[in-house]
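Novice: Quick one: this structure, given as structure tokens, is what I'll be asking you about.
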Amino acid sequence: MTWICFLAGLALLAIALGIAQHHLGTYMARVFTSDKDTRVETWCYRVMGVNPRAGQTWKSYARAVLAFSFCGVVFLYALQRLQPWLPWSLGKGSVNPAVSFNTAISFVTNTNWQAYSPEATLGHFVQLAGLCVQNFVSAATGIAIAVALIRGFVGHGEHTIGNFWVDLTRCTLRILMPIAAVAAFLLIAGGAVQNFTGFLHVTGVAGGNQVIPGGPVASQEAIKELGTNGGGFFNGNSSHPFENPQPWTNMLEIFLILLIPFSLPRTFGKMVEDVRQGRAILAAMVVLFTVNLCAMAAAEFSGHGTAARLAGAPMEGKEQRFGLAQSVLFANSTTMTSTGAVDSMHDSFTAIGGMFTLLNMMLGEISPGGVGSGLYGMLVIAVIAVFIAGLLVGRTPEYLGKKIGPREMKLSDLYILVMPTLVLCGVALSLAVPGLRSSVNTSIANPGEHGLSELVYAFTSAANNNGSAFAGLDASTNWLCAALGAAMLLGRFVPIILILALSGALVEREPVPVTAGTLPTHNALFTTLIVFTAILVTALVFFPVLTLGPLAEGLI
């Protein structure tokens, strides 16, 4: 009966996403191509001193993104350091500099890596004015970058790729806020907490004292999932009953996680005026998502050991109210996107099951990926796939009528190399430098192969702006706070700059006519080429470290 209920829920989720992505994708395309501004948007532009009709070159667009994000880091860092003097601080003290630095970068980069216990560290004001605000604007920034890249394919001999301030404002006001508001009301109806109380001291049934935390949880939970942010109001994240009370709210959160990433391919298709192109990208995302979901489920349900046999499945670290099937679906969704929220502890998965959560991020989080980042990551894979196909037949590669020249390929290759470089260099430094290694060894709760997996997972999560963790690693040390903070910063903004530069290169190119030798990029063959290109790139880079960590652990 449990399996029947889960499969029925999975079918309903797929149907709901299929319907929603069609309408939301079309709506987002209208939002970013409209010439009209709402009154609220006009007021925002006046306050910011922005001319909404002025286009920006890719360099100007990049400067705006970096300046806005820098201000966000400074503001969020200051809020944490000044917390004792802020309202609704609940008596919490100032957050230490290393954790404040790490947290500020984490939320501005859409990572939401948490090297602290939220309910024990932060008051309501920092949660609302700091973290919740960044959940909105960091998600909007990612979507804006994806739209800027699409304009690179659409533009013909131009120099501008849109206006960052307009894209940011429209995305926040017209897309994220309305959906998040509806989702918050649904979560409240399901039992999620939404109040402004502090800690409630009560006497338990057995007569002992108990402290029950409260706060504006549902409102932050909604945008945390919708914006693929992932940072929890509580340390238990979405496994906490105040954030995610019931099985149906769990499915709702999975729906929110996947909604925008799976809708953006249609936005892409509508903006390039060929929805078949969007369908090909969407199909590649769905194939990778489904294959990894099935593989992870198979690994978890085949868990070994006496406890697993008695429970019917390896239930350590999983919530009884969700069960193994929903836990696996949530884990696959949160690591296939850049969300990082958890309703079960990934560190407690079987060795091979945990490897698939790691592998999902190593793919570059492209199926469907984070809001914005998933689409532009998949489009880079598509550009590389077109180049490989061009080499096979001896033709100059083209994609959507644009020739892919040396400049475009260099930018695409650099984009692909950023994340693996950050992950492997971060792990190597942590283990090769004696002083750092001794610090890391004290942070690893499970030495050996699993300890290596915990460290690799941390740097992979940070560099991909995911934010989930193998919780056996204590990441609050000065070295890991600084190193993971740097990985989050570089893993977010170096790819963004490369994507904007790629858009700038494409928008200047004139379209070339379609000929009999042009590679069709809207059929099943091209979708297959994209899938295998993504797998090939990941296998070449990460297979050695996977053999030393989760594969070795799983075979022992």
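In case you wondered, yes, glycine gets a Cβ from its N, Cα and C as well.
Owing to the predicted nature of the structure, the values given are computational and were not obtained by experimental measurement.
Straight out of Swiss-Prot:
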- 1-21: transmembrane segment (TRANSMEM)
- 60-80: transmembrane segment (TRANSMEM)
- 130-150: transmembrane segment (TRANSMEM)
- 173-193: transmembrane segment (TRANSMEM)
- 245-265: transmembrane segment (TRANSMEM)
- 281-301: transmembrane segment (TRANSMEM)
- 374-394: transmembrane segment (TRANSMEM)
- 416-436: transmembrane segment (TRANSMEM)
- 482-502: transmembrane segment (TRANSMEM)
- 529-549: transmembrane segment (TRANSMEM)
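Quick one: where do these features end up spatially?
Specialist: Same-chain residues lying 6 or more positions outside the transmembrane segment (1-21) and placing a CB less than 8 Å from one of its CB atoms are 247, 251, 254-255, 258-259, 262-263, 265-266, 282, 323, 325-326, 329.
Remote same-chain partners of the transmembrane segment (60-80), defined as residues 6 or more beyond its termini with a Cβ less than 8 Å from a stretch Cβ, comprise 86, 94-95, 99-101, 103-105, 107-109, 122, 125-126, 129-131, 134, 137-138, 141, 144-145, 148, 161-165, 168, 492-493, 496-497, 500-501.
Proximity of distant same-chain residues to the transmembrane segment (416-436), defined by a Cβ-Cβ separation under 8 Å and at least 6 residues beyond the stretch ends, is recorded for 362, 364, 380, 384, 452, 455-456, 459-460, 462-464, 479-480, 483-484, 487, 490-491, 494-495, 498, 537, 541-542, 545.
Remote same-chain residues near the transmembrane segment (482-502) are listed as 58-59, 61-62, 65-66, 69, 98, 101-102, 105-106, 109-111, 113, 115, 145, 148-149, 152, 161, 373, 376-377, 380, 383, 408, 411-412, 414-415, 418-419, 422-423, 426, 429-430, 458-459, 462-465, 475 (criterion: CB distance under 8 Å, separation of at least six residues from the stretch ends).
Under 8 Å from some Cβ of the transmembrane segment (529-549) lie the Cβ atoms of residues 280-281, 284, 287-288, 355, 358-359, 362-364, 366-367, 378, 381-382, 384-385, 388-389, 416, 420, 423-424, 427, 449-450, 452-453, 456, all in the same chain and six or more residues away from its ends.
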